[in-house]
Amino acid sequence: MEHHKPLLPTSSHAAPNPRTRKDLLLLLCALLFLSSLVAFGRNRASNVPHDHVSSSASNHQQEHQSPTSLPSSKWHAVSRGVSSGVSEKSSSMLFSGEGGASEAFPWDNSMLSWQRTSFHFQPEKNWMNDPNGPMYYKGWYHFFYQYNPNGAVWGDIVWGHAVSRDMIHWLHLPLAMVADQWYDKQGVWTGSATILPNGEIIMLYTGSTNESVQVQNLAYPADPSDPLLVDWIKHPGNPVLVPPPGIGAKDFRDPTTAWLTSEGKWRITIGSKLNKTGIALVYDTDDFKTYELKNGHLRAVPGTGMWECVDFFPVSKKNENGLDTSLSINGAEVKYVMKVSLDDDRHDYYTIGTYDENKVLFTPDDVKNDVGVGLRYDYGIFYASKTFYDQNMDRRILWGWIGESDSEYADVTKGWASVQSIPRTVRLDKKTGSNLLQWPVAEVESLRLRSDEFKSLKAKPGSVVSLDIETATQLDVVAEFEIDAESLQKTAQSNEEFTCSTSGGAAQRGALGPFGLLVLADEGLSEYTPVYFYVIKGRNGNLKTSFCSDQSRSSQPNDVRKQIFGNIVPVLEGEKFSLRMLVDHSIVESFAQGGRTCVTSRVYPTKAIYGAARLFLFNNATEATVTASLKIWQMNSAFIRPFPFNPDQKN
């Protein structure tokens, strides 16, 4: 049946919030039991009407395990990382902002088991953060990562290591480097790989010393003939770089992949800060053992704070292929990308511009979009990213760390924390010339199974349409949307301002939006995550489009951060509104307009899991009718397991 009821503000769908203000604790505790009964009754009775659209026979099978409820517990937030000079790594501290106790939601084993992803890379257990030293070598993609072998929280950081033939199916190898020297006693931190023209591998990484000073160290393979690169040797002359005069002992980290200068020297940059000005220091070297600090900075931006995980690479203005930094590349057909991870706000910013090798200076094309203040790789949860040139497929690949948004208590209970993004190709947007395009590597499509296709679905203002597919937990979704021409013509021009993060989410209605998809939703819409477009017709008659992901209704528990992510996305004349979405249990990666704007979310539903997870088309606009066409693939699981060493191989 037709449904015209719009999505409503959070209070209309969600159960009452059990969190209490301290000054009302006694009163609300007395009412807690009654409120819980009311909430239970509302949820049981919730049956939001909506259209059902089938492309083929659907089969919803309930796959819940027998729930084993975990006891609710007070969880005391503990700060992690700050004393070592890095940003807060405790999600519990991000919730409370102090070391007080927080009430943890009583997750059961069924819920926690569902959260583990099926085709995103993650270790078998424990904590993971930054991607390190990715490369292609002798037929294998190598991926190193920050890893705690002792628990599901940040600390005791070493380098994990895995290999793959396709960056989708992974084999875990023994730890590559551990904290066994004075210069990395407090952690083997982030680093980058450089493959020289002769095939030699150079690995530079930051070590946190026994006195928590950040220094740069050199490592190389013990056996370059080994395609798995199992064993690594740390240079006996480490550290090769220490903080220069004027730079704080805890403000000097994350060396980049080296690039070749026209003089045949190798050049790297390292993130730092001067007071609140983020800077990128530059060094030249002939042998990666001795270095010359260059005058000035590659780039400096006041007010951006500490720069971590700086990345610097060329992109072609003409071709789709990637460019190799082991070659000296510059000229009229090349742009450079500078990216920094801001320690203060934990986002990855990039800008596009020109690079003067002689002046050792990067200049943005648009200072309004300077590094640290303008464009971002991803407007959701995506940090400490790293690119590499894939000489196997002649492309540039981007990895990003996707942290958790639940409580540290839940992470410790389930025994793991964090995943990596699906690797993305990166190239210059030739149509705009002012932004990058990011897209999941083609190899992920090998996981596609059966598909459902929906053509020219009409979604009237205020409607929700059920898309009857087999399951909605592991999906690859491609969708296009069109606003009917009559609505566009009749809609009045407006000075309305809209920002995803400060809006009312998908419940905020406008003439031309929001419209998109409700993912990981339950049948009664008590939990759902909207991924959507919001369109405004400006005073000049032009359309301004935002692409957003709204977690505010994604989960009923309160020990989960429920933010609204997104940003403006350029939609050029003649283009439809297009998105692609990879859904893998608790992670949703979304790409608008071919990857001009990307948003990654972590969601932790308690009802919309296993066979109860649904997918809906929605249009919460007040005036516009939207036509949508979708193709939806069920996704297989990737094989991610320990490497099957033979008895005579290393174990």
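We count from 1, first residue shown onward.
The backbone N, Cα and C atoms fix where each Cβ goes, and this holds for glycine too.
From a predicted model like this one, the values you see are computed outputs, not experimental measurements.
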Selected from CYS548, CYS598: Swiss-Prot disulphide partner of CYS500: CYS548
Candidate from ASP223, ASP343, ASP344 that Swiss-Prot assigns to the same substrate site as TRP127, MET128, ASN129, ASP130, GLN146, TRP154, TRP189, THR190, ARG253, ASP254, GLU308: ASP343
Cα distance (Å, whole number) from ASP130 (active site) to ASN275 (N-linked glycosylation site): 25
Least Cβ-crowded entry, counting other Cβ within 10 Å, from the glycosylation sites listed as ASN275, ASN620: ASN275
Neighbourhood of ASN210 (N-linked glycosylation site) by C-beta distance under 8 A, where only residues 6 or more apart in the same chain count: TRP182, LYS185, GLN186
Cβ neighbours of ASP130 (active site) where a neighbour is any other Cβ within 10 Å: 25
For the topological domain 'Cytoplasmic' (1-23), mean pLDDT (0 to 100): 46
Inter-residue Cα distance where the pair is ASN620 (N-linked glycosylation site) and ASP130 (active site), in Å: 38
